[in-house]
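Trainee: Handing you this structure, nothing more for now.
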There are 2 protein chains.
Amino acid sequence: MAIANPLFIAVVGVGGVGHCFLSQLAQLAVRRPFPKLRLCYIANSRFAFYHEDHAPINLDLALEYLEKSATAPIPLDSLVDHLAKAPGKAIIVDNTSSQDVANSYPSFLKAGISVVTPNKKAFSGSYELWQNIFGASEASGAKVYHESSVGAGLPIISTLKDLVETGDEVTKIEGVFSGTMSFLFNSFAPVGGGGGKWSDEVKNAKTLGYTEPDPRDDLNGLDVARKLTILARLVGLPVESPTSFPVQSLIPTELESCSSGSEFLEKLPAFDQIMEERKAAADGKVVRFVGSIDVASKKVEVGLRTFDATHPIAALKGSDNIISFYTRRYGNNPLIVQGAGAGGEVTAMGVTADLIKVIAQIAS
Amino acid sequence: MAIANPLFIAVVGVGGVGHCFLSQLAQLAVRRPFPKLRLCYIANSRFAFYHEDHAPINLDLALEYLEKSATAPIPLDSLVDHLAKAPGKAIIVDNTSSQDVANSYPSFLKAGISVVTPNKKAFSGSYELWQNIFGASEASGAKVYHESSVGAGLPIISTLKDLVETGDEVTKIEGVFSGTMSFLFNSFAPVGGGGGKWSDEVKNAKTLGYTEPDPRDDLNGLDVARKLTILARLVGLPVESPTSFPVQSLIPTELESCSSGSEFLEKLPAFDQIMEERKAAADGKVVRFVGSIDVASKKVEVGLRTFDATHPIAALKGSDNIISFYTRRYGNNPLIVQGAGAGGEVTAMGVTADLIKVIAQIAS
């Protein structure tokens, strides 16, 4: 089936995920000669590269062009107009974690421009934004796909959508949604006992690149809360925001005001005893940082829970995520998806796979 | 986005999966008012119900109409013509396990009729049939989706396709692909030791409905070999047939010629010692019946393997399937999907989810 009309792709954000995505996109364009994918816009927060007439940008040289560009990015509302004028359907791939870009999705979608993104902000921000995004998509037929907003390339959102859309009743979702928290607790409280001091484990995780520059951005639980917000909304719970349900922070109150991540790490050992007690209280079980959604009671929670050594959550390794879907059809044994839930390559994979699905639907 | 043109759906096969599918389809049609899904043909192996002018069949009454019908099914090649004449795009949903229906997929696809099915036969038969199916789909643009041909509703095929299409390198696939074998070995050789006599476990599994009427149809490994054939082909290995690679049968040679499943079960206890020795030889590990694909060496195998007690395959419960995808991007910790891999409801779920994906692509 030859497809005549080119598809215009705009990419904003060229950090770790963006780099990997561009490389996957270049490979994709080579492997799949049609539809004609045409990169027509690329931007980071300061610069952009594009042609006024939407002429194609060589995928292999796009990053180089961007590096040399002195052109400012097109403001988001003007970018909507620019892409809407392209002589073919357009898709914006948002590889940023920007709230501003997220806020503009309804405008893109209203203009018939599909959105593909790993950016959690749009789907875990206000419930009004969520409604505006999916309302605009429904009205115009433009698609919005965001697999990598939860668990990176793992098939979490697609699986949940399949369960819901085919009429299964999801009763509970439970899992380890943060690669950082997974790594920390698999080291701190391994099955069979042992593990180092909490503050040492946090330092080690930071050294190995598993935490944000300031580890408090992981330990506050907000990243997990954002992911839970997205999944809860997909099962129909109108969660207002990621701060509208109980989220346990692992930052000692006294250290919330530290002016830097380094100061926080320096003072953390004084609080090791608290975590040591939590580990001891597990009493033969292991302690893990999990998120859960109980659909019937509409209860969404993020925090420490204990699990038997034989539970799949206890058996997790490295920085893997694990997500269990309990449903009416699957009964007592949940549908489980497990694997790396962070990293440039696997996050970009979710984005590229979404792009392929959008193309299959809008290409003509 | 209102969709004007109705989509015509023909359903062949109304056994366990077919029943569940029809019920899910009826719910779907209620929940999603567009595109207009129109059931226009329903058949089992002996009878059919339809209108010459493709008029819609009431989804809630379709089975009743079929039960009362004395009309023979339309022969497959004529059914192609009948559906091609429908005033809109058509989809055939094959809920049979018939090789004949499978053989006709290329004809349906050539005529622009999409195929959705859990039937393994088409994708694990001759490699020529595989090529004809996907060649016909490529040429006409009609879609062919078969998620439930491996692991029922579990996201196995969709995940593998995403990995391959986004350019990941799959290095190994390994797993427990048979609910029957899973149940048998989780009972016969549980982690921590114990378990009953092999012949008792087989009898028990049959009583509980976990085996085919003749358990040899599970124990010969062919069902697993068919699933492996499908996955191997999806990663690009041109596997000729499910009998073109080593498949370990658990039927003692002496019992291959038993004239019935009952005779087989009666004589099986005499061979318990063989399985007992296999369990003992595992030496602290547990024995499981697994399928594996080593992509680099192009080696596909089905048979008994041993696993450490901490391995996810050893931790499996009940009749669950588990499939691990080892890839370049996922590194040492594979992407794992786990859960019920058989049963009417979850198999039908895979079919319905596929149908939704096909509709999203062909509706206009």
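The backbone N, Cα and C atoms fix where each Cβ goes, glycine too.
In TrEMBL, annotation is done automatically, which means it is predicted and not curated.
Not my notes, these are from TrEMBL:
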type     : residues  : note
ACT_SITE : B:LYS227  : active site, proton donor
BINDING  : B:GLU212  : L-homoserine binding site
DOMAIN   : B:13-147  : domain 'Aspartate/homoserine dehydrogenase NAD-binding'
DOMAIN   : B:155-356 : domain 'Homoserine dehydrogenase catalytic'
TRANSMEM : B:6-30    : transmembrane segment
Trainee: Which residues of the same chain, at least 6 positions away in sequence, have a Cβ lying under 8 Å from the Cβ of B:LYS227 (active site, proton donor)?
Mentor: B:LYS120, B:SER124, B:SER149, B:VAL150, B:GLY151, B:PHE177, B:SER178, B:GLY291
Trainee: List the same-chain residues at least 6 positions away in sequence whose Cβ sits under 8 Å from the Cβ of the residue listed as 'L-homoserine binding site', in sequence order, or say none.
Mentor: B:THR180, B:ASP218
Trainee: According to DSSP, how is the domain 'Aspartate/homoserine dehydrogenase NAD-binding' (B:13-147) divided among helix, strand and coil residues?
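Mentor: Going through the domain 'Aspartate/homoserine dehydrogenase NAD-binding' (B:13-147) residue by residue, I get 62 helix, 20 strand, 53 coil.
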